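To start, the structure under review is shown below, and the notes come after it.
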Amino acid sequence: MVDVLAHESELLGLVKEYLDFAEFEDTLKTFLKECKIKGKPLSKSTCGSLRDPKSLKFQRDLLAAFDSGDQKVFFRLWEEHIPRPIRDGDSLAQKLEFYLHIHFAIYLLKHSAGRPDKEDLDERISYFKTFLETKGAALSQTTEFLPFYALPFVPNPMAHPSFKELFQDSWTSELKLKLEKFLALMFKASNTPKLLTLYKENGQSNKDVLQQLHQQLVEAERRSMTYLKRYNRIQADYHNLIGVTAELVDSLEATVSGKMITPEYLQSVCVRLFSNQMRQSLAHSVDFTRPGTASTMLRASLAPVKLKDVPLLPSLDYEKLKKDLILGSDRLKAFLLQALRWRLTTSHPGEQRETVLQAYISNDLLDCHSHSQRSVLQLLQSKSEVVRQYTARLINAFASLAEGRRYLAQSTKVLRMLEERLKEEDKDVITRENVLGALQKFSLRRPLQTAMIQDGLIFWLIDILKEPDCLSDYTLEYSVALLMNLCLRSAGKNMCAKVAGLVLKVLSDLLGHENHEIQPYVNGALYSILSIPSIREEARAMGMEDILRCFIKEGNAEMIRQIEFIIKQLNAEELLDGVLESDDDEDEDDEEDHDTMEADLDKDELIQPQLGELSGEKLLTTEYLGIMTNTGKARRRGTAGVQWGGPEPLRRPVTPGGHRTGYPA
């Protein structure tokens, strides 16, 4: 009761202000009469809270700082009195603030009688630069403001025709008028009764807290997925290291007979390569000096260690899933496509992931075998940018797995739709990256290589590779790798022969590109197409050997050896051994057995769930839980032997993810 009495006058003033605002005239008269009878004083300070002398003083001070060019005072007042939601979210406020920064940046140039103080001018220009690089960056794609991003770098902006208008008195007057109108509009809009403001702010505050907590939960789940994938990648790197070490040990064994190293040293190296638990027993029980023993033991150590059992993921109602993927809202489709992709990308390699993939395939999740006019695959042509992107991501995830590629390759319509999307997608970089990634992985299969060559994909690749600096690293790497895979085929080489000069120029330019990840694919493509006499002749005419020798001077040892092979191919009058082998049959010899689930599949997610929305595995198991129908383990082929050791250019199809981790194709 004491608290009520202490604030009674202010509370009654709030009620009066609201009744007046809502035009409860009779109620207000009765209320005022009763307050007077009871002797209750009304606070007068609540009414017109933003029309008080303080707000008027702020406006006067702000306009005075504008006139005097005092940018520090101006922007301090601006940030103190203009609410952040308006500064950051209102387009009118953002544009006005941009022009205000220009006003203060050029103030000394306009108002100095003589030469402006250089230190003060440099400080203002630096302040404007900082604004452009931070808050002002949001308007960098707007045509209206684009020329002003060059302003800090023009030596004499007063003489530059693009900025002539800025130095006219009318420009400053118009800007000041806009500022005055903005302040008048803002303070007029702020005459909302304080009671209503308090109510709205309290509700919004609670909502903001809940939204923030929900966002933190989503981020925590995302980090968890990232760490899981990082663990899987480290495990793959470890296996790769052991495989490489086995080759090293074979080389060391070959030198033992030459007494270059001692058997004791070889044994100590081998023991160190094994896990801690095995070192002591192996050191005494295995004779590593017997040829073949060490490398055999190392390869045997690659057998997967039995970890704790990983449970299979719950089965899903695929009929309901596919129905909602076709008929649901675009937002629901996007969340479902995301959740289905995450099932693949975050599942444990082995039985859990194989079971997920087999369930997708056996239920024809993508409708590869459907002849219906409406299918899941057609989401690749959706009007929604998010749905198109998330469909492309899911297809790329399928293509990252050998069984997934086999499933997608059964229908030529998948390839045709991807090719069409690749050539048409110009709005979304990530959609095109994922479509390109899927096609590149398709090129590991010979029938799909043939189809892509016949469809003229080589010409499209050459065209975009003419300007490699305009491409993302992913697009560049996968484009060059796809081009190389297609150039390994006779039909692909003959396609290149039709535009030999252009192909050779593009590849020679790429040799010097700063992205060194593409070098093996550029070398492989060059080596392959130079087996065609007409291309060799064109290469000699353009001085290709001199170009290649320039890169020998600055390349690493591995690249130097590859370029030497290319030069040898260039100067050959007859084809080198092995180049004439036939590649006309459509067998699957080029298909690789390993699975490469790259981290890029889940980068830069476009959608985040709002408060109360389900996403990911929670969405699938809450709304689409099915009966337990998990299929058995997929048939797995053994890991292929290493096909490429470095000295020669690549001569078998690869995919960038698999090539980097050391897996062969």
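The first residue you see is number 1, and the count goes up from there.
Glycine is treated like the rest: Cβ placed from N, Cα and C.
Keep in mind that what you see is a predicted model, and the values were worked out from it rather than measured.
Going by Swiss-Prot, these are the annotated features:
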- 204-235: coiled coil (COILED)
- 582-603: compositional bias 'Acidic residues' (COMPBIAS)
- 7-39: domain 'LisH' (DOMAIN)
- Ser582: phosphoserine (MOD_RES)
- 582-604: region 'Disordered' (REGION)
- 636-665: region 'Disordered' (REGION)
Spatial neighbours of the coiled coil (204-235) far in sequence, C-beta under 8 Å, 6+ residues away: 342, 345-346, 348-349, 597, 599, 602, 605, 608-611, 615-616
The domain 'LisH' (7-39): DSSP-derived helix, strand, coil residue counts: 28 helix, 0 strand, 5 coil
For the coiled coil (204-235), the mean pLDDT of the predicted model: 74
